[in-house]
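All remarks here apply to the structure that follows.
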Amino acid sequence: MFDRPPKYIAYGTAGFRDNAADLDTIVYRVGLVAAMRSRYLGKTVGVMITASHNPPEDNGAKIIDPLGDMLQESWESRVAEICNAQTDSECVDLLKKSYLELKIPDGQVSNVVYGRDTRASGPRLAEALQAGLLRAESSSTDFGLVTTPQLHYITRCINDPTFGEPTVDGYFKKISSAFSKLTPRSPLTRSSVTVDCANGVGAVKLLEMMPYINDLAELNLVNVQYTDPDSLNVECGADYVKTNQHLPKNVQPEHDKLCCSLDGDADRIVFYLVHDGNFCLLDGDKIASLAAGFFRRFQEDSEHTGELEKPIDIGVVQTAYANGSSTNYIKSDLHLPVDCTKTGVKHLHHVAQKYGIGIYFEANGHGTVLFNQDRISDNHVHSDVLNLYAELVNQTVGDAISDLFLVLAILETLNITAYDWFMQYVDLPNKLMKTRVKDRNVFKTTDAERRLVNPEDVQQKIDELVRNTPQGRCFVRASGTEDVVRVYAEAQTQESCDALAKEVCNYIAANY
Ligand code: 16G
Ligand code: ZN
């Protein structure tokens, strides 16, 4: 049954992801490898079955490391090789080789927790995974329908009980209790927000969470048809809203009303509103800027009063896709450092860990705020509040549900409207395009993906075009999730930015 995978499938930016029909063998073998990872570390690991914002017919699997972070990068090629073996016996040989190489003692126990989003193929792939775990003689627990960040949270709690209760219920309690302490309010003043759940697992979990938050915030849930998996991410969800820059289906335009959209596994969120008939997007860059401005105030207090023994160092981590206006706002107006990393949550997460408060968001809405507990407990004045924020905000990975409550808490505390937030800075016009090429692997980047080292002529072409475009910026990179190269451009006007992106795209299409 689980013999040869129909084609080679890479372990990409966020695990295996492809058409679900091609994934049975891969996911079965993910069970074998996850068990090995667990034995190697002597800890519980997680496996999430999801294809995030992809269309309903796709699915995927990603391995979660014991502290709730993504699989260590150095293991990715090992996992890809084993899972893509041409025969079962080749797969077994590769596993044996790895067990020896990694010096995993005989009899070492293994424990794997897993869960899935609402796709129709989820139960079948969960069975495949379970079969792999059985064969590897690993103990395991099936958490059923969960969001990706919930499974990260649960994995962390099992290995580190101080983090919380390793259940979905424990997750709800942790977030709702922190939120209620941060923003004590009456039912009259609670925030109201429309949440587009992308017809996915976010709907399942927010509906379950309602009893915990009814008195704290008014969530108006739409696109909650999770029992109809074919509607997942269709004309709705974070990716749809960010890409098309307009309202998803079933969200009515209501002047200045705060709305948000989750993606298919609820690890990503974007906000928006309609002001005077105009769609106003509050993407990951806006969330990062809001959070940066908010936590910066804690630093300012200490500068003014000199009360803090050690000021907290705050930094923001973005990727090349961050709108230039957001970077400029954070550096020049907030006077905070900004790092730029390669695309993919794991890269941002890693860099954000070096700060006392590390704020990281991709423009597409993946992100979180990390608090360094040691440095915060040195800080006498605000440690209580900061520790509550550390409870509220998922410390393992970007999390749409916890980011939603983070934004509500900040807006309420600052007493500003969503439109005030939108007006903190004005985005530069930008354009994202993609084009197919013969071999996207020839596109090699440097400088956090902001420049190409290869092909050289493409970079020369970009330089030449950018020189002639006021406030122009443009870069090209190979996608880690699709067989395309992406072209991003920014400029003073929408026309010049569209022209820049289009010329670069045409040049690539004509030559590669
Ligand atoms: C994955 C990444 C996301 C990144 C995107 C880029 C995670 C959990 N997800 O979805 O962070 O923005 O890939 O896709 O790391 P691309 O390589 O196709 O542009
Ligand atoms: Zn996602």
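In case you wondered, yes, glycine gets a Cβ from its N, Cα and C as well.
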Original post:
Which candidate from Ser52, Ser74, Ser77 does TrEMBL annotate alongside Asp263, Asp265, Asp267 at the Mg(2+) binding site?
Top reply: Ser52
**OP:** Check the domain 'Alpha-D-phosphohexomutase C-terminal' (452-505) against each of 36-87, 107-157, 188-270, 283-414 and return whichever range has the most CB pairs under 8 Å.
**Re:** 283-414
Original post:
Of Ser52, Asn364, which of the recorded positions has the most Cβ neighbours inside 10 Å?
Top reply: Ser52
Original post:
Considering only the binding-site residues Asp263, Asp265, Ala478, which possess a Cβ situated under 6 angstroms from at least one atom of ligand 1?
Top reply: none
Subject >> pLDDT averaged over the residues of the domain 'Alpha-D-phosphohexomutase alpha/beta/alpha' (107-157) >> reply: 98
Original post:
From the Cα of Ala478 (substrate binding site) across to the Cα of Ser52 (active site, phosphoserine intermediate), what is the distance in angstrom?
Top reply: 19
Original post:
Which binding-site residues from the set Asp265, Asp267, Glu362 come near ligand 2, judged by a Cβ under 6 Å from any of its atoms?
Top reply: Asp265, Asp267
